[in-house]
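According to TrEMBL, the features are:
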type	residues	note
BINDING	ARG123, THR154, ARG155, LYS156, ARG178, LYS188, GLU221, ASP248, SER280, GLY281, ASN282, SER301, GLY302, ALA303	substrate binding site
DOMAIN	48-133	domain 'Quinolinate phosphoribosyl transferase N-terminal'
DOMAIN	135-316	domain 'Quinolinate phosphoribosyl transferase C-terminal'
REGION	1-21	region 'Disordered'
Amino acid sequence: MSAFATQTAGGGGVPQGSMAIKPPSHPTYDLKAVIELALAEDAGDTGDVTCMATIPFDMEVEAYFLAKEDGIVAGIALAEMIFEQVDPSLKVEWMRKDGDYVHKGLKFGKVSGNAHKIVVAERVVLNFMQRMSGIATLTKLMADAAYPARILETRKTAPGLRLVDKWAVLIGGGKNHRMGLFDMVMIKDNHISAAGGIINAIRSVDEYLKIKNLEMDVEVETRTLEEVKEVLEYVSGSKTRVSRIMLDNMVVPLENGDVDVTMLKDAVELINGRVETEASGNVTIETVHKIGQSGVTFISSGALTHSVKALDISLKIDTELALEVGRRTKRA
């Protein structure tokens, strides 16, 4: 197993050191416990009955990771953690690192050791890696197209996999939005409606942060140019923690499949760099480039994590037969 220094504070036992891109921090998330849960749901109360029936317990093998699609690989560091938890004696070697491009048919990693343990770990490792690689691949496409704006994900992540999904976004070249409800104030439409208006909501947040002696960024969602003007007037005349304005659904879809970003550009011009800006709504791989040229600081897309297509990756002991089958099915 590759040598790692273990982070013991604030990272849930996440290994650090040699990994290409570190995971985002979280005060309570326990990644080791998430891995244990994934292994436990697979093993149940009996274990791998097929392995026990077919594979001698002392058999040693080598198994190779095969990419069956082109894309960005992610989850390599996490895979090492899983193999470590299943059997610390397993040896893992990689020809690529998290964030690298892999092409269809490429052997990009190898695990060697006890066959039973490798097969037990296989599906859990691949489930994480395929999902993370799918997120990283889409993020890379979106991030490149969005430039000079930065691409963000949202909280629309798989329940229980928040840190894993957001880690994959970082590996793909994106930037993390808030991790959860605790690390940033984000005043959205429901908060505004319940507070009786956008300024009431901002004022209440500023007062709350002052009373609680909390220092954190504040973002406020705006849906019209009038709301943008209201926020700017408040920001210019008050001491406030507002540091970002979300410009929600100011990208207007057209019947021909294009989008109109006129309203978005008008809002960015009004703000004129006084705070950060974030475009949200109607963000796709087809529209993100045009949105990115509007002058916004950030573009957020829930699709990075809520509608991800997993990247096809396999782990095979008999790689020659696997490649033969892959060529027959056009997957290698």
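Glycine is treated like the rest: Cβ placed from N, Cα and C.
In the shown protein chains, 23 other C-beta atoms lie within 10 A of the C-beta of GLU221 (substrate binding site). With the fewest other C-beta atoms within 10 Å around its C-beta, ASN282 stands out among the binding-site residues SER280, ASN282. Neighbours of ARG155 (substrate binding site), defined as other CB atoms within 10 A of its CB across all chains, total 16. Put plainly, the binding-site residues ARG123, ARG178 were compared by Cβ crowding within 10 Å, and the winner is ARG178.
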